[in-house]
Amino acid sequence: MTNCEKDEEFVCISCVEEVRYSFVSHLSEALRRKGINNVVVGVDSDDLLFKESQAKIEKAGVSVMVLPGNCDPSDVWLDKFAKVLECQRNNKDQAVVPVLYGDSLLRDQWLSELDFKGLSRIHQSRKECSDSILVEEIVRDVYETHFYVGRIGIYSKLLEIENMVNKQPIGIRCVGIWGMPGIGKTTLAKAVFDQMSSAFDASCFIEDYDKSIHEKGLYCLLEEQLLPGNDATIMKLSSLRDRLNSKRVLVVLDDVRNALVGESFLEGFDWLGPGSLIIITSRDKQVFCLCGINQIYEVQGLNEKEARQLFLLSASIKEDMGEQNLQELSVRVINYANGNPLAINVYGRELKGKKKLSEMETAFLKLKRRPPFKIVDAFKSTYDTLSDNEKNIFLDIACFFQGENVNYVIQLLEGCGFFPHVEIDVLVDKCLVTISENRVWLHKLTQDIGREIINGETVQIERRRRLWEPWSIKYLLEYNEHKANGEPKTTFKRAQGSEEIEGLFLDTSNLRFDLQPSAFKNMLNLRLLKIYCSNPEVHPVINFPTGSLHSLPNELRLLHWENYPLKSLPQNFDPRHLVEINMPYSQLQKLWGGTKNLEMLRTIRLCHSHHLVDIDDLLKAENLEVIDLQGCTRLQNFPAAGRLLRLRDVNLSGCIKIKSVLEIPPNIEKLHLQGTGILALPVSTVKPNHRELVNFLTEIPGLSEASKLERLTSLLESNSSCQDLGKLICLELKDCSCLQSLPNMANLDLNVLDLSGCSSLNSIQGFPRFLKQLYLGGTAIREVPQLPQSLEILNAHGSCLRSLPNMANLEFLKVLDLSGCSELETIQGFPRNLKELYFAGTTLREVPQLPLSLEVLNAHGSDSEKLPMHYKFNNFFDLSQQVVNDFFLKTLTYVKHIPRGYTQELINKAPTFSFSAPSHTNQNATFDLQPGSSVMTRLNHSWRNTLVGFGMLVEVAFPEDYCDATDFGISCVCRWSNKEGRSCRIERNFHCWAPGKVVPKVRKDHTFVFSDVNMRPSTGEGNDPDIWAGLVVFEFFPINQQTKCLNDRFTVTRCGVRVINVATGNTSLENISLVLSLDPVEVSGYEVLRVSYDDLQEMDKVLFLYIASLFNDEDVDFVAPLIAGIDLDVSSGLKVLADVSLISVSSNGEIVMHSLQRQMGKEILHGQSMLLSDCESSMTENLSDVPKKEKKHRESKVKKVVSIPAIDEGDLWTWRKYGQKDILGSRFPRGYYRCAYKFTHGCKATKQVQRSETDSNMLAITYLSEHNHPRPTKRKALADSTRSTSSSICSAITTSASSRVFQNKDEPNKPHLPSSSTPPGNAAVLFKMTDMEEFQDNMEVDNDVVDTRTLALFPEFQHQPEEEYPWSTFFDY
């Protein structure tokens, strides 16, 4: 990993030797789990802190100082800490986190002597909280105050990358991370690397890949990164391949800019081992294409909440600062950066330290005008890779075409001699330009940097290639002749532009000046000229005082001049290169005198030029496509345009003096004639390829020939023309307020009939037989004739309908909109395939049974309160609370379309259901919603084979000013771990209102209910879903129509999940217990198991720990009698553990645990031992204070001490070993046993066993107390039976246990107590380990200290009353 250990990601922990391997080791490990891997621990030994670690402390981003509690005020440690504090004050980027560990009476004294000014927090150990809580507090402080800045917004992106990786087939998987400069590609790649690298055999993170491979070469780079520590240099790439073809390798190539360089590395990456992962980050999409990477993740910017967090942290602004202006400034900065983390961080740091708001305002304005070098350098490095044409197109877009229609931009740039189709794609691939909703967009930073490139070319305004700043342009164009004190005119010479200028866009909103006649004389290469007013409320005042314009550049492609003040363009202007003339509201009477060459002209817009009288000059524009003369009230004639074969759009609306049109081009698509004096069109007007006529005509003969005519709008009288409609497909008579009736149209082939807004229309004789869409909104029709069976959409919104015919036979009807039909009284029935029903604002009191196919119901303002059960409801805004509650409960309690016995195929086809209602209407309903935007649920084991899907309840808080919820939706992410421990996920998007429908203003918070049978984990063996421990996590995110996450103004406040399974009785929907709410966290296999363990009863926890450490892979019949001997219920306990996936029992009766389950058991044991270790010192002190009399009383319990040979069979009593320790001064450890009938009979007998110092073949046994029960006569039989159950296993166990039980790893040759002192069958099994060496590492104890880890394994010993056990015997030496 090259150059990865940045100073700002480096943590130094300084401590004393006493806490290095206890508290500090836990702290460093917790930091690593949080993703902070660069942690260095320095120990104060021989002044090492300042001799060797001082440089590291000064370079570290965070310095954690762990001060011991027993510090004396004169201690050198305090002097060192004071110096570290001073170092921190000199280095503002470094954070110091002091930790006062341990109790001390002197603490208050020396605390007062230290100056903690500037430190955000001091952490102290307290009696009332454990070390684990203290560690958690420190880690949170370190992460949130220093490291969190770089990881804001990373979590959700990590999930998407993980999902992208998991979807790829097993083999060599590749992912590309793509995004604009500063968007967080490297940060995201590092986060992925930190999270995944431990799962690979080899891994490397190569920063600045192009530079690294140029400096070191391919072989050296590969050898250094993938095989560190090699002595021999790899001379051939084939040798490297041979060494890595069996390894799972993670390779991250960061910031690959040269596609060929990346391809040279990856073209043969098939030599990596299966399961390898290659991640490439680049700002150029072509890199991924050439490298053969198809899975590309585009990094999005931070959302509003994340951006605010980052800015406040970077600028050190507190969240609760009350000054409104300061908050407004932060919003402006965040909006300007538009989610770019680099910009937000840089601007935040630039504003940091500014005390006055005015200073911050000024600094921000300067930054906008001149972006910081770090940002400019990041963007300009991409700009420098462009070709000359690509640079010109980028600069044109940055200066002039932000947000313009992409086809419009392409048309203009093509006229300039570029190849924009290809070159704009290059800009998109390099993240300089984006295309959204068919418009060209640049990030605000990109636009400003592009403009800065232009301004940086020269300080002379007249020599800049592109001009857009109004005051600079005014300086060049303003008329400069003035009278001085009534004297003759004096001329003030000014620069008047130069041939370098290629584009000039002047916004005249705030300007008032006179243009000089020769303003454009020197701009010989001007391609783009636009003079406009961005504020429609301002009337610009820019005139020619001399009444003339001498010239315009002949290289113009765009001439856009609003309110042009002259009667014509200069006569010497040659428009042969013009692509567009756009001169609305001009004073033009004609364009020019005579005929000009207009071979490049595509568009001419002279709308509202009230003085225009003649446009005959356009006949030479053979490539003309659009003519817009709307509002030219003096224009009397439209020329014959039959030769303009490319003309497709003509707008003559408002040209009241035009009485006729002689000829219409054959390829016309749109003809707008509203407000003209035209009463009729010639027969030649209507052609077979006409697609739309928009007019106010009274007669259109020859329509029968219009086989492709689709639309005819605003026809005033239909009687005379219906017979000529021929093969008309769509007839629009919208807003024909004079139309009163329509004849029988049964013989027409109409598919669409739109009568919306025909307020006088009160009768229809008959409908076309193939009609599919009928719009009657706003009509006066009270009754309609029989509807055609082909009908798919009926919209009668706001009509006067009182009744409808029976629609049960309309099997194709999908949408029925009766909203606002205030006079509608009854509905006889609904079609069986109806999907959307709207009757908001009706007076219906009762609605017939709704079909099962229904998906959307809008009942806003409806008086109906008797709606039947169905699947998808929306917009219950004003129904009563009781009705809404009934709907919630019905939806969550009955799913009648999934009856018992349904096949999986039919279940997969089952429809979804959903509905919503204002949250205030269901306040009294019981839905078990949890706070937060995510929830973890557990599947009952009995439900898993019948699982169909989930019902999800989500409560969303909308902002008060939210007006239109049409595009609002909710994304649900379902995550679980499969039985192999791998993370899995499913994501579904639910849009809460049907697209295209008008949604009332959302005024209240809403509760949404969704169900989808596809939200179901994959099936494992049989029909059992492949879910580990039955735990599933659901997360909910507000989204828009484009499935992009909305900002934090939309908040998921509560959520819940219910299970839907195949019906087992009268209902098929069961409640499920909500385990916990998390917001949000990543659920690993370990966390799933730990939640299952924490929910167990105490005895089941003990059973799990026994099995995890002793009985893995053993037969149930073998384990059962042994566990029963310690008073545990084996049969029920094993079933409980199996139900929550903590163990599994194989078909041949073996208890099986996965490695993760065993690991968790060991960690739990280790954690309990750490907790107990805190009690040892206090226990020792307490025992040392025990009165001698009490100690003698305990010693008097010793009944006898005997010596027997080590090979002796024993005393035939049943004993259980519960501890062992090394004894100072002795070669042999001592074992501690208690009677096996302690719990069943209350027996207090114990014994201690140790080898003799003089004869190692003899055992010294000390018996304490007596048994209170007869000697068991069946013990040997029981042991024999257990041995016969698995004789081979038992013999192997006995051999292992006899020589290795609790062997101290520091003394491998030291003989230990044999297990024969305990009954062979029981003892052998009791101390059999799956991995004895690993267990010994976790269970080792210091000399003369109780083996508390063993005590943790047997918790019943921890709670034994004091009089039942001679504690003093542990401290005899």
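Glycine too: its Cβ is placed from the backbone N, Cα and C atoms.
Taken verbatim from Swiss-Prot:
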- 5-146: domain 'TIR' (DOMAIN)
- 170-421: domain 'NB-ARC' (DOMAIN)
- Gly179, Met180, Pro181, Gly182, Ile183, Gly184, Lys185, Thr186: ATP binding site (BINDING)
- 498-522: repeat 'LRR 1' (REPEAT)
- 535-553: repeat 'LRR 2' (REPEAT)
- 554-575: repeat 'LRR 3' (REPEAT)
- 577-598: repeat 'LRR 4' (REPEAT)
- 621-646: repeat 'LRR 5' (REPEAT)
- 665-688: repeat 'LRR 6' (REPEAT)
- 742-766: repeat 'LRR 7' (REPEAT)
- 768-793: repeat 'LRR 8' (REPEAT)
- 831-854: repeat 'LRR 9' (REPEAT)
- 988-1005: motif 'Nuclear localization signal' (MOTIF)
- 1204-1272: DNA-binding region (DNA_BIND)
- 1300-1323: region 'Disordered' (REGION)
Checklist line | Helix-strand-coil residue split for the repeat 'LRR 1' (498-522), DSSP-based | finding: 0 helix, 9 strand, 16 coil
Next item on the list: Take the repeat 'LRR 5' (621-646) and average the pLDDT across it for me.
Entry: 87
Checklist line | Residues in the repeat 'LRR 4' (577-598) grouped by DSSP into helix, strand and remaining coil | finding: 0 helix, 3 strand, 19 coil
Notebook entry, point to check: Counting other CB atoms within 10 A of each CB, which of the binding-site residues Gly179, Pro181, Gly182, Gly184 comes out lowest?
Noted result: Gly179
Note to self: Cβ within 8 angstroms of the Cβ centroid of Gly179, Met180, Pro181, Gly182, Ile183, Gly184, Lys185, Thr186: which residues besides those meet this for the ATP site?
What the structure shows: Arg283, Val299, Asn340, Pro341, Leu342
Margin query: Through the lens of DSSP with three states only, how would you label Thr186 (ATP binding site)?
Written below: helix
Item checked: Cβ-Cβ distance under 8 Å to Lys185 (ATP binding site), same chain, at least six residues away -> Ile177, Trp178, Gly179, Asp254, Asp255, Thr281, Ser282, Arg283, Val299
Check: When you measure from the Cβ of Met180 (ATP binding site), which residues in the chain that are at least 6 apart have a Cβ under 8 Å away?
Finding: Arg283, Asn340, Cys431, Leu432, His443, Thr446
Check: When DSSP states are grouped into helix, strand and coil, how many residues of the DNA-binding region (1204-1272) land in each?
Finding: 4 helix, 28 strand, 37 coil
Next item on the list: Sort the residues of the repeat 'LRR 5' (621-646) into helix, strand and coil with DSSP and give the three counts.
Entry: 0 helix, 4 strand, 22 coil
Item checked: Counts of helix, strand and coil residues, the repeat 'LRR 3' (554-575), according to DSSP -> 0 helix, 4 strand, 18 coil
Margin query: Radius 10 Å, atoms counted are CB only; among the binding-site residues Ile183, Thr186, which position scores highest?
Written below: Ile183
Item checked: Within the repeat 'LRR 2' (535-553), residues counted as helix, strand or coil by DSSP -> 0 helix, 3 strand, 16 coil
